[in-house]
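First the structure, in the form of structure tokens, and then the observations on it.
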Amino acid sequence: MTNVTLVTGFFLVGFSDIQELQIVYGVLFLVIYLAILMSNLLIITLTTRDLQLQTPMYFFLKNLSFLDVFLVSVPIPNFIVNSLTNSNSISTLGCAFQLLLMTSFSAGEVFVLTAMSYDRYVAICCPLHYEVIMNGGACVLMAGVSWAIGGLFGALYTAGTFFMPFCGSNVIPQFFCDVSSLLRISCSETRLVVYTSIGIGMCLGMSCFICIVISYVYIFSTVLKIPTTKGQSKAFSTCFPHLIVFTLFIITACFVYLKPSSNPPTVIDRLLSVIYTVVPPVLNPVIYSLRNKDMKRALMRLVHKTCGQESHSL
């Protein structure tokens, strides 16, 4: 019988073994993290306080911003602290929670993006029935289902991964706990649960992707019937970025979560992990909100209201 040493903790490898570079990376990620927080919290504030933004589209935008904030708040602060303190260790429980939360928020974001595409489909293709179909109860139900399915999938995925014992090397060549690295150091021959959850995730992701593509096929066919080019360009400028961000998120997420465990980690692996973790939360506010005229007007109203209150207090 071969002696094995069970792993009780892990070491997360950053982007460099040189401490000075690790500090630079930590500061860089801190700046990016603060920018993500500020932009998404601004969207949450505007869509909550401004009465003219109480529509289904901005309701889903608010949910997307919450998911973005939660998603980046799981791995990045831990990486920042590790980089600045030169400590890369993480407990098994901490690694499990990190995987659970990241998987749950990622899956929830995919479903919210799908709900947003359906909202745009109803608004453009069925405008006369929009208020009836996308009523408050339907929006809350769709958002609740998105969060719930994301949580259930994250729990199943994490349970399947950490049901297996780990032995041998405890080094994870990423800045967060990823499944491919955990499978690589697993000493279990039975991986039915984790592979089943991976299959479920692939089916759910492809289903959402197909739903979004079908929605936009109908949207584009309707937009092309608009007589004015101004109306067409406005609709296309909203649709294409949504598809780009969703496709980028799906591809990088599949790479992070579904990459075969036999592949050795490379610089590309880490780069795609950064793109998956950081880029969507950065782009979402720019694409969906900060370029939106309604959001800009709401921001101006908030600024004027805040400045007015400060002048009265003085």
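Cβ coordinates come from backbone N, Cα and C, glycine included.
Database features, via TrEMBL:
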type     : residues : note
TRANSMEM : 26-46    : transmembrane segment
DOMAIN   : 39-288   : domain 'G-protein coupled receptors family 1 profile'
TRANSMEM : 58-76    : transmembrane segment
TRANSMEM : 96-118   : transmembrane segment
TRANSMEM : 139-159  : transmembrane segment
TRANSMEM : 192-219  : transmembrane segment
TRANSMEM : 240-258  : transmembrane segment
TRANSMEM : 270-290  : transmembrane segment
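With a cut-off of 8 Å on Cβ pairs spaced 6 or more residues apart, the transmembrane segment (58-76) and the transmembrane segment (139-159) reach 3 or more such pairs and are scored as touching. Proximity of the transmembrane segment (192-219) to the transmembrane segment (270-290) is not established, fewer than 3 Cβ-Cβ distances being under 8 Å for residue pairs spaced 6 or more apart. With a cut-off of 8 Å on Cβ pairs spaced 6 or more residues apart, the transmembrane segment (96-118) and the transmembrane segment (26-46) reach fewer than 3 such pairs and are scored as not touching. Within its own chain, the transmembrane segment (139-159) is flanked in space by residues 56, 59-60, 63, 96, 99-112, 114-115, 118, 179, 193-194, 197-198, 200-201, 204, 257, which lie at least six positions past its ends and keep a Cβ under 8 Å from the stretch. The average pLDDT computed over the domain 'G-protein coupled receptors family 1 profile' (39-288) stands at 81.
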